[in-house]
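Working notes, beginning with the structure itself.
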Amino acid sequence: MSVPLLKIGVVLSTMAMITNWMSQTLPSLVGLNTTKLSAASGGTLDRSTGVLPTNPEESWQVYSSAQDSEGRCICTVVAPQQTMCSRDARTKQLRQLLEKVQNMSQSIEVLDRRTQRDLQYVEKMENQMKGLESKFKQVEESHKQHLARQFKAIKAKMDELRPLIPVLEEYKADAKLVLQFKEEVQNLTSVLNELQEEIGAYDYDELQSRVSNLEERLRACMQKLACGKLTGISDPVTVKTSGSRFGSWMTDPLAPEGDNRVWYMDGYHNNRFVREYKSMTDFMTTDNFTSHRLPHPWSGTGQVVYNGSIYFNKFQSHIVIRFDLKTETILKTRSLDYAGYNNMYHYAWGGHSDIDLMVDENGLWAVYATNQNAGNIVISKLDPVSLQVLHTWNTSYPKRSAGEAFIICGTLYVTNGYSGGTKVHYAYQTNASTYEYIDIPFQNKYSHISMLDYNPKDRALYAWNNGHQVLYNVTLFHVIRSDEL
């Protein structure tokens, strides 16, 4: 920008010099120097002379003077000679001067146009520079924000991965343990092969004890492999759209191979009809179902089917009923002492959801709240035959603040809500009587969950979401510790 500004300064300085020269030189070139004559009062003639021309022929001259009878002065003056030659010379000089002035005017106009053009160019460049400066600032700020977002995302990912380090270390130990099992099986196999050739080389009772011990350890190992810590929940799979806004549906986790029946219960209170579908396909097409009439209406959506019986909370009571679906008879009833009911300690969505029955790899559970525990969640392990409470854990999580809950491998997982954005954010481990806050995303596709239960056989969550029957797959971390075997 400095070069065009220098051009403007030079042009303005040149114009000032030309103007000053013209103001000083033009009068003398044109002959505008004057001679002044003035008459003083009293009749005397006073001649006052300015700058006179050097040629006397070009000045006024007094020829004679006299006084009249009244005393006035009479002068005869001779005018300067005006020759054609002198007029022609001045006219020529004036013309030349005018031409020079016109030429200079044209030059000045050209310079003015160039100056205006350069000025416009400078202003345009100045605006462009300002725009570039603003864009550079925006790019710089955007780059900083982008780096900050990337750093935050990387930090969050590192925070997620850091707890997995000890888990991976445990996996290494688990691999060694499996190798030990493999070696022991190979040794026993070898011994049995030798026994086939030579009976009596080993004590049979001792060998039988070793086989039984190994069998128990392997069974315990398989049970541990079936359990783990919840680390992820898949996107939902909509199986069917039917019924009202609230309800429950389920399969029997202890059903024998080939038994794929589905159980369906619409509504959350004052209903006693349960539909039985022969398969998931029949359930999806609404064909081939049988209706069972319960002896009492149920309350809430916390019913479960377990080993051929349906367990439900009797309406407007804290009584749990075990009903055999084959014989259609009540096998057992039992009250949950101090448990709130009739919308006293329901989930956040309401619906008489005071008592929620659940099953997992360890058996039958009841989740509820009591006055003695200030309305916070209580977990009880139930005997599935007698409904006797085997063990109880008092948590510090308010049941009315929970959206829904489910149990996996003895750990209770609680969602932060039932509508809109939902996540699993609280876990209580019954095996250690400890809890932690977690953050597992959970897609609430239809915006209103009124039932959420885990099926250990399918390794899936069954949900009733605003009149839609939905399935979620779960991801578990399996940890085997040698001291637990």
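Quick reminder: no glycine exception, Cβ is built from N, Cα and C everywhere.
Taken from TrEMBL, the feature signal peptide covers 1-16.
What TrEMBL lists as coiled coil is 94-149 (among others).
As annotated by TrEMBL, coiled coil applies to 178-224 (among others).
What TrEMBL lists as domain 'Olfactomedin-like' is 226-478.
For CYS227-CYS409, the entry in TrEMBL reads disulfide bond.
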Near CYS227 (disulfide bond), which residues of its own chain have a C-beta under 8 A away, given they sit six or more steps off in sequence? GLU361, ILE408, CYS409, GLY410, LEU476, HIS478
Counting across all protein chains, other CB atoms within 10 angstroms of the CB of CYS409 (disulfide bond) number 21
Check the coiled coil (94-149) for me and report the mean pLDDT. 77
